Amino acid sequence: MLKNEWKEKGFVDEPIAEGTDLKTEIRRLCKEKDAVILAHYYTVGEIQEVADFIGDSLALAQKAAKTDAKIIVMCGVHFMAETCKILCPEKMVLCPDLNAGCSLADSCKAEDLKKYKEEHPGYKVVSYVNTTADVKALTDIVVTSGNAKKIVDSMPKDEKIIFGPDYNLGSYINSVTGREMLLWNGGCHVHERFSVEGIIRLKKEHPDALVLAHPECKGSVLTLADVVGSTAVILKHCIESDKKEFIIATESGILHEIERQCEGKTFYPVPPEMSEDTIGCSCNECNYMKLNSLSKIYNALKYEWPTVDVPEDIRKEAVKPIERMLELS
Ligand code: 13P
Ligand code: SF4
């Protein structure tokens, strides 16, 4: 029986019995209930270790679209769970903590986008996957950081495009495609604050290191990067490069998988800019991603809650631009 207190909190807050081996219990529940755990690279290491599949947002959507499991436990943030539900309406989608939002998705409200579309007739809307289902329902095609260039390149050269909500990703895509898309002024609170001075200092200390940055970082950071790409692209470069040192400008959770796959190489996370809330902080973390924990996953599987649901009228519209993206990826 779900307690009202848990519903208010947005996750099942049941204490775990002493001595419980959470990883073993989670795997047991997955088997018993035919559940699959999908985890983003930004979740903590122990979640990545217990997951069936880890990946960037594109790979997670592709995996969700193909899974046969009855339950999907999406260990990422809320819009990722929503994307799973949009693609798999017949499945139960669990989001271990409903408070796992995204500052970027929050920066674009459906009513504001609707108004902007009305002010710009004839424009196609290209939305980053970091958006709510309501925004996707107003979108012509969804992109991720892993396929945005390819998808924008596939559109007619004279197409008028509104790109949202990430301003930095949109600017970067404009610069590499030669487009002049209209850009929404949204951003990610983690990627926007990487320190340019921090990269310059790290580069001085480690002159041979390759600088890798996520395209959600601001332009002044991307200018200093040798490689700009999604979390999966950053990981791939670290694995395949002959270099031994890397300066990483993305959320620090990715280091778990990078370090696992790149023995003998060294990684330097770029620090955030100094401000009142970052003093003493050596790395950038997405506080939303870090809301996922083994105990919340265990309780979500045990109680089959919190589920993520999308009203059918919204889902029917939102699935179209996601499927267009998957066809082109
Ligand atoms: P990826 O598409 O690289 O997984 O990034 C998702 C994200 O939320 C970055 O902040
Ligand atoms: Fe959203 Fe930024 Fe967290 Fe990615 S890192 S999930 S864009 S808040």
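Glycine is treated like the rest: Cβ placed from N, Cα and C.
Just so you know, TrEMBL annotations are computer predictions that nobody has curated.
Per TrEMBL, iminosuccinate binding site is recorded for H40, S57, Y128, V129, N130, S145, H214, P215, E216, T231. The [4Fe-4S] cluster binding site annotation in TrEMBL covers C102, C188, C286.
Sequence features annotated in TrEMBL and their locations in the structure.
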residue: H40; record: iminosuccinate binding site; DSSP class: strand
residue: C102; record: [4Fe-4S] cluster binding site; DSSP class: coil
residue: Y128; record: iminosuccinate binding site; DSSP class: strand
residue: C188; record: [4Fe-4S] cluster binding site; DSSP class: coil
residue: H214; record: iminosuccinate binding site; DSSP class: coil
residue: C286; record: [4Fe-4S] cluster binding site; DSSP class: coil
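C188 ([4Fe-4S] cluster binding site) has E216 nearby among the binding-site residues H40, Y128, H214, E216, counting only those with a Cα within 10 angstroms of its own Cα. Between the CA atoms of C102 ([4Fe-4S] cluster binding site) and N130 (iminosuccinate binding site) there is a gap of 7 Å. Among the binding-site residues Y128, C188, E216, the residues whose Cβ sits under 6 Å from any atom of ligand 1 are C188, E216. Candidate binding-site residues: H40, C102, Y128, H214, C286. Those with a Cβ under 6 Å from ligand 2, in sequence order, are C102, C286. For the recorded [4Fe-4S] cluster site, residues C102, C188, C286 set the reference point as the centre of their Cβ atoms, and the other residues of that chain within 8 Å of it by Cβ are V77, S103, L104, A105, N130, H189, V190, H191, E216, E251, Y288, M289. A straight line from the CA of E216 (iminosuccinate binding site) to the CA of C286 ([4Fe-4S] cluster binding site) spans 13 Å.
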